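Undergrad: This structure is in structure tokens; I'll ask about it shortly.
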């Protein structure tokens, strides 16, 4: 395979998080990145300032959109909200990794092509954090339990740290898509992330998609930062 083959595959797997509070700031980053990035995450920061309309704008421009609103409400509300998101032609949508919520999301998705992702444990959390939530044991055990439930109720994948990706592959018979945030280039600052991996480590561990925000949008040259990350991902995809 040629280098361009692995670079193209890596580009498909990179999701850039638009963690802004104003749509215009997100729009400026998208312009800077140009054709280098085709997949963007729109989260809660943009939700109340036109996030849905901006998502439509991105889709019209040929971009894929990961709507990361992490729905968590009564089943009927989740089902209806997911149905509305499906009408936007969203690619990925997150809901909390609770069985009843995920089941409602699958029902709301209907026959659309939108993929539902169950959030397992945030990468900003560690064992101490889940202990405060009332869960004893390892973070990995909770992630695996929620992933198995996700598979059981019919969602398409999970959001999980790359640190758990390899074990997730084993425990779910490779049947769930794994989307991994908490990705930091070698030597990069962790910021608010506690369970992190490099792009190379994440791809080798079995993550299907990587979500990166600050390492790209806070860089002096966001496009060059994205290109470096894509190269590292491509290196991981290339057989030894």
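A Cβ is built for glycine as well, from the same backbone N, Cα and C atoms used for every other residue.
Positions annotated as substrate binding site by Swiss-Prot, on the basis of sequence analysis: 19, 41, 68-77, 123, 184, 193, 213-214. Residues or ranges marked as active site, proton donor in Swiss-Prot (evidence: sequence analysis): 70.
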Undergrad: What's the CA-CA gap between the residue listed as 'active site, proton donor' and residue 213 (substrate binding site) in angstrom, rounded?
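TA: Their Cα atoms are separated by 17 Å.
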Undergrad: Count the other Cβ atoms sitting within 10 Å of the Cβ of residue 213 (substrate binding site), across every protein chain shown.
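TA: Here the count is 19.
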Undergrad: What three-state secondary structure does DSSP assign to the residue listed as 'active site, proton donor'?
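TA: Its secondary structure by DSSP: strand.
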Undergrad: I'd like the Cβ neighbour count for residue 75 (substrate binding site), meaning other Cβ atoms within 10 Å of its Cβ, all protein chains included.
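TA: For residue 75 (substrate binding site), the 10 Å Cβ neighbour count is 14.
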Undergrad: How would DSSP class residue 213 (substrate binding site) in three states?
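TA: In the DSSP reduction, residue 213 (substrate binding site) maps to coil.
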Undergrad: Please work out which residue of 69, 72 has the most C-beta neighbours within 10 angstroms of its C-beta, and give that one of the binding-site residues.
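TA: Going through 69, 72 one by one, the largest Cβ count within 10 Å is at 69.
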